[in-house]
Amino acid sequence: MFSIQQPLLVFSDLDGTLLDSHSYDWQPAAPWLSRLHEANVPVILCSSKTSAEMLYLQKMLGLQGLPLIAENGAVIQLAEQWQNIDGFPRIISGISHSEICQVLNTLREKEHFKFTTFDDVDDATIAEWTGLSRSQAALTQLHEASVTLIWRDSDEHMAQFIARLNELGLQFMQGARFWHVLDASAGKDQAANWIIATYQQLSGRRPTTLGLGDGPNDAPLLEVMDYAVIVKGLNREGVHLHDEDPARVWRTQREGPEGWREGLDHFFSAR
């Protein structure tokens with residue numbers, strides 16, 4: 001049993017979880033966001049999005065100043081009050097975006113894998129793919145430590161592609177709609193554990209953690225949480241955890257921010 005009155009951290013994915021996958025609406029979650037804010041519970045956004053995108057969304061959601069996890073854990077944006085931490089304002093794990101681009105271009109040219117990265121197109125095309133405005137779409141291209149792409153080849157070739165990436169110290173991660181390439185050393189779980197440890201060091205007590213996500217790339221995050229909400233999502237693969245004890249994990253009946261609200265209701269309203 002736990003409550004929002006005890007030391008608590010909430011980690012949340014964005015698209016398909018806190019935000020509607022199509023409209024990007026978050027209003028169904030607004031009452032809980034306000035309640036968590038009033039209780040001084042940090043809501044830490046955790047996504048495949050770039051830090052530039054997430055800082056914009058963080059401000060829109062009233063969460064500015066808190067830490068966040070970008071690019072599937074390859075980038076940690078530090079909290080405003082953590083200015084004494086080495087690397088402030090951001091910690092980047094693994095090789096850079098430009099280095100990953102070089103690897104992908106070589107694989108495409110020499111081994112003929114078929115894919116389109118966000119670097120291959122302009123913001124108008126990304127806006128068409130995502131439904132974002134062009135100004136918001138431009139923020140999706142500001143990667144620092146990963147590459148987002150659309151796979152346009154066979155499943156057989158994908159297996160070969162993943163094997164080649166792994167040989168080169170990279171990983172291929174499936175999001176709600178796109179695929180992401182990042183350093184094998186990075187991950188939402190490692191980033192979350194680092195943030196949890198930092199809060200513990202600052203307060204002297206390990207906070208209880210609750211994570212919410214809807215896609216396969218959220219599984220590593222949810223695995224390291226004390227409690228997890230798997231929001232009903234669009235991805236056919238879904239989310240599967242090693243420990244799905246009903247006392248720890250809740251699968252929602254609703255999608256997006258309504259599912260987010262349902263998950264918070266489940267764990268807190270009856271407590």
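Glycine is treated like the rest: Cβ placed from N, Cα and C.
The annotation active site, nucleophile is assigned in Swiss-Prot to D13. The Cβ of D13 (active site, nucleophile) has 31 other Cβ atoms within 10 Å, all protein chains considered.
Taken from Swiss-Prot, the feature Mg(2+) binding site applies to D13, D15, D214. A coil conformation is recorded for D13 (active site, nucleophile) in the three-state DSSP classification, outside any helix or strand.
Ranking the binding-site residues D15, D214 by C-beta neighbours within 10 Å puts D214 at the top.
Residues L14, G16, T17, L18, L19, S21, S47, A176, G213, G215, D218, V231, G233 surround the recorded Mg(2+) site, their Cβ atoms falling within 8 Å of the Cβ centroid of D13, D15, D214, which are themselves excluded. When secondary structure is read from DSSP and collapsed to three states, D214 (Mg(2+) binding site) falls in the coil class.
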